[in-house]
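Positions annotated as domain 'BTB' by TrEMBL: 7-116. The region 'Disordered' annotation in TrEMBL covers 125-144. Among the features that TrEMBL reports, transmembrane segment is placed at 163-188, 215-235, 247-269, 289-309, 316-337, 349-369, 381-405.
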Amino acid sequence: MNFGRGPSVVLNVGGTRYSFSREVLKDFPLRRVSRLHGCLSEQDVLEVCDDYDRERNEYFFDRHSEAFGFIMLYVRHGHLRFVPHMCELSFYNEMIYWGLEGSHLDYCCQRRLDDRMSDTFTYYAAEEPNGGPEGKGRRPPGAEGRKWLERMRRTFEEPTSSVAAQVLATVSILFVIVSMVVLCASTLPEWRAPENRSVEEQSRYTAESVREPSGIIEAICIGWFTAECIVRFIVSKNKCEFVRRPLNIIDLLAITPYYISVLMTVFTGENSQLQRAGVTLRVLRMMRIFWVIKLARHFIGLQTLGLTLKRCYREMVMLLVFICVAMAIFSALSQLLENGLDLGTKNKDYASIPAACWWVIISMTTVGYGDMCPITVPGRILGGICVVSGIVLLALPITFIYHSFVQCYHELKFRSARYSRSLSAEFLN
């Protein structure tokens, strides 16, 4: 240490004193404390601590003394846990002050911190800078334009943020419903009758289908979705982040097939290549079913499902591993008992292990189509064990997924309530 005198220094944290030698501070595990070793003047010291007593060579930190005591236990023994009856976020704030991170916590406390931060995520993410009365006043140049873009972005991204956003969301939902009704109706036998025409009639029908009522409705819906996607892209803050969002990728997958099918129809014309392209066109048109996922922008339930799957991917992977391991074991045993052994009766449905995997998956999920079943006594006993094992294995990760689902629902509901309050203020104004 280049400042202060004496063989030892005293740290006073919230009234609790700790005495250390000068050499210990040089490589102290807490970054804020180790910075004291390089201080050259009293001014440098006051940038690290809150006060300094030259006579006692004592450094005062106005921080939580009990929290620092638990942090010192980590310095001595290498284990960092939360202070009982103390908010996890408050203790995490103390950790950041002294130079620690969430990874220094024990695993159980890391999970508590993650859950706590997940619960309070919207409290910080939804705050708007300069949104309160203290933020009003003289604005920098270009603030009006940025405010207008932000208002447009919230109108298209948050359905409950304003009256215009609610109207826009309602219109978008109506277009999705209409497009889905037309897609479902197009698979009816009455609508599919023109597909049985000859190749020449089929090519002429495909060219003229755009002018039919269903084609006109489809073109209007596609036009609306395209315009909506373009406007949302223009007013977005980060264009790269906009392209990477899952819902925007789904929008692109739902819109692009229509334009591809139109281009294929234009380029093929009355050529016989249209017959070979017919399957491709039907596949592209059927991709419009992705429009249903657009409803996730307007319903908390679908948003909660997507957010839960995103946060519980570890539990989902664990569930898939359980199923795969059970499938490998039970399919091999069932194939051996039903077809592999010479017991006088061979079940041809279990001729191979891949074929037995189908029976295992429908048994573990308790679906039981009945298209294949064991006929030997050992095979039936194995089938019962397979069913019971499936119930147990599928139920194990459900608790974690359920708790995450509840947290995600409350989080999204809180954010929706915030925008509803801003909507009420708009009505009052």
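Here the Cβ of each residue, glycine as well, is placed from N, Cα and C on the backbone.
Bear in mind that the values here come from a model prediction, so they are computed numbers and not experimental data.
Cβ atoms under 8 Å from those of the transmembrane segment (349-369) belong to residues 323, 326-327, 330-332, 334-335, 338-339, 379, 383, 386-387, 389-391, 393-394 of the same chain, restricted to positions at least 6 beyond its ends. By the count of Cβ pairs under 8 Å, the stretch nearest in packing to the transmembrane segment (289-309) among 163-188, 215-235, 316-337, 381-405 is 163-188.
Taking H, G and I as helix, E and B as strand and the rest as coil, DSSP gives the domain 'BTB' (7-116) the counts 57 helix, 19 strand, 34 coil. Cβ atoms under 8 Å from those of the transmembrane segment (316-337) belong to residues 309, 350-357, 359-361, 363-364, 374, 376, 378-379, 382-383, 385-386, 389-390, 393-394, 396-397, 401 of the same chain, restricted to positions at least 6 beyond its ends.
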